[in-house]
Amino acid sequence: MTPSPADRAGRERREHSLLGPARPGPAQSCRPGCADCACACVFQRTKREWRPLEDRSCTDLPWFLLFTVFCVGMGSICGFTIVTGGAARLVFGYDSYGNTCGQRNEPIEGVRLTGLDHTDRKFVFFLDPCNIDIVQRKIKSVALCVSLCPAKELKTYEDLKRFAMVNGSELCSYELAAHKYPGLPERIDKCPKLPVPPSKPLPVFNRCTPVDVSCYAKFAEAVVTFVGDSSVLHRLIAGVAASKEIIIGLCVLALALSMILMVIIRYISAVLVWILTSLVVLGSLAGTGVLWWLYIDHRLYGNDTSPKLPKEAKEEMKAELSADSGQALLVYAVSASVFTIILLLLMLFMRKRVALTIALFHVAGKVFIHLPLLTLQPFVTFLALLLFWIYWILVLLFLGTSGNPEQNEETGLTEFRLTGPLQYLTWYHAVGLVWISEFILACQQMTVAGAVVTYYFTRDKNRLPVTPILSSVLRLVRYHLGTVAKGSFIITLVKIPRLILMYIHNQLKGRENVCARLLLKMCICCLWCLEKCLNYLNQNAYAATAINSTSFCTSARDAFVILVENALRVATINAIGDFVLFLAKILIMTSTAFAGVLLLNYQRDYTEWLLPLIIVCLFSFLVAHCFLSIFEIVVDVLFLCFAIDTKYNDGTPGKEFFMDKALMEFVESSRRLGRAAERGRSRVKEAVSEGAEMKPMAPGTSSA
């Protein structure tokens, strides 16, 4: 459809308002037959210019196709496990001879007791369910397919015989006759370990699991190091079970506090930031003063600290104190003084940028009021991650029961293992965990950035789209999935080597030398820092893509240029903003913990409500982190929009600002300070020039 003249005029006004009049250059073309080319040039948009909310185009399409092919590969792994029977073996269970429970089986060559009909035997029963390998995290017991799990404790072989004759469920190996259990010599190795604990079938996965949790005390000890005996484990689990309603209520409280705090920060941002910075400065001054006072007190009165000692002992003590304590106090005092001076200089030169941080926090609070659905974004992201992680774990378990049957030489049990090229499917699946998880998180960043960009560059906030979040999601799905896939892949390239190095470090713990351990930790630390820097750059690249609809590399370069031009502002916002948000997370966690102490105080035994309180604290910090990380993304995107706005607009007619009133006040205040400083410099120059004119002539000279 051809745009109307009014639409074309409106678009020209928007372009003019952001960037000003078009300048002649290589991006212009002239109408044929025009004498004055400067008047007839038609501006052609290039990818290097900022055009907020203008034309949209697909970005990084090859990366979207590559990500689609990769996801198809992930789905093919799941299909492979289903076709080869790995999924069925995991769900229905299988015995130690390779037979799947609940169905008729084909014989396996070279393995005894295979090819059995287990149609009526639907449950997996372990002869010794408490025989757990702590290192490998797996049960080493022989497994059989049975038709019924023992609901009561079986203490003797007569009980085993009676259970088999009455219920038709034989709990000993298949080659043993049930009526001969008490007298067979093989019963010790091929029958369950007595007494047999009562068990119930596990839902969905059809495993007979003991009801008494004391059976898993060794496994719990491997996971939770402070559990020394089963009684402590019993009391902790009992405390969680008795306090489950309180735990749920406290988790809801943490959720409500996080949502309320994001709105309150808008109104207390100035007070909060200045109080925190003042406390840091006063704390450093007080600490420095105390250290110098201790040093001076030591130099003046250090000799009289022990008047009852003999003179020789006093002299010896004086020498020791002078050599050790005095020198240490001097070093501490000098270091604290240097730190305090640097901090005061930073606060002096960055005080204006602290005001910018306050203004951005204020505007971010307004964003959440105008876009309340932003508060639901952590729920959507968490749900997407949770569903994917559940799928990933299931497919990983499917892979663990897929492949060719092999007999373990140590235990004599049949295991299914992937051999040949198929063993690399697990590595492919592991890469998929990192890439797709990062892709989901990047989609959240792009969605939030698109909504904030729409809010910022819409002059009349009453004319915002009905659902800016939904509009941002639709733009992401339609145009920018390739950009998100590329950015998340870059993070994956850094994260996977770091995870591998961490795995090697854990495997070599206690066996590597000091140099190797130090080198590994340095590499892990460097990769972690690189990952954090790339995460921040990626986030700004997504915001640039949401503004200008450019590819990932172009957006990252444009965002990097803007950030470098405002390096001091970026440093201030990140330092002060992150510190304030961290304290907000601690505030939510401590408030929830305090409420938990009051509510759990009815549980008189400390160990009974210690674990519930720890669970509540961890969950409250996680919830606060999820919500305030959205707030942090909003602040970063607002700053990028603000930097672009101030770079291309100056508030004059035709180049009006897009920014909010709070940011406008900051700009006007900065301009007033700048004009005052300029007037001061001009007065100094005038005074200097007047002094030069009134300077008397040197002796021996005369006027012409």
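Just so you know, glycine gets a Cβ as well, placed from its N, Cα and C.
Sequence annotations record features per position, and here TrEMBL assigns compositional bias 'Basic and acidic residues' to 8-17 (among others).
The compositional bias 'Basic and acidic residues' annotation in TrEMBL covers 674-688 (among others).
Positions annotated as region 'Disordered' by TrEMBL: 1-32 (among others).
According to TrEMBL, the region 'Disordered' annotation covers 674-704 (among others).
Listed by sequence, the residues of this chain that lie at least six past the ends of the transmembrane segment (61-83) yet keep a Cβ under 8 A from its Cβ atoms are 391, 395, 398-399, 401-402, 425, 428-429, 432, 435-436, 439, 481-483, 485-486, 489, 552. Sequence annotations record features per position, and here TrEMBL assigns transmembrane segment to 61-83 (among others).
Among residues of the same chain six or more beyond the transmembrane segment (246-265), those with a C-beta under 8 A of the stretch's C-beta atoms are 240, 272, 361, 364-365, 368-369, 375, 584, 587-589, 591-592, 595-596, 599-600, 612, 615-616, 619-620, 623-624, 626-628, 630-631. Residues or ranges marked as transmembrane segment by TrEMBL: 246-265 (among others).
If you look up TrEMBL, you'll see 272-295 (among others) marked as transmembrane segment.
Marked as transmembrane segment by TrEMBL: 329-349 (among others).
Taking Cβ pairs closer than 8 Å, the transmembrane segment (379-399) reaches residues 74, 77-78, 81-82, 86-87, 90, 418, 425-426, 429, 432-433, 436-437, 440-441, 443-444, 626 in its own chain, all 6 or more past its ends. Among the features that TrEMBL reports, transmembrane segment is placed at 379-399 (among others).
The transmembrane segment feature in TrEMBL is assigned to 427-457 (among others).
The transmembrane segment feature in TrEMBL is assigned to 579-603 (among others).
Positions annotated as transmembrane segment by TrEMBL: 609-642 (among others). Sequence-distant contacts of the transmembrane segment (609-642) (same chain, at least 6 residues past either end, Cβ-Cβ under 8 Å): 52, 236, 239-240, 243, 246-247, 250-251, 253-255, 257-259, 261-262, 265, 356, 360-361, 363-364, 367-368, 374-375, 377-378, 381-382, 445, 448-449, 452-453, 456-457, 536, 539-540, 543-544, 546-547, 559, 562-563, 566, 569-570, 573, 577-578, 581, 584-585, 588-589, 592-593, 596-597, 600-601, 603, 658-659, 663.
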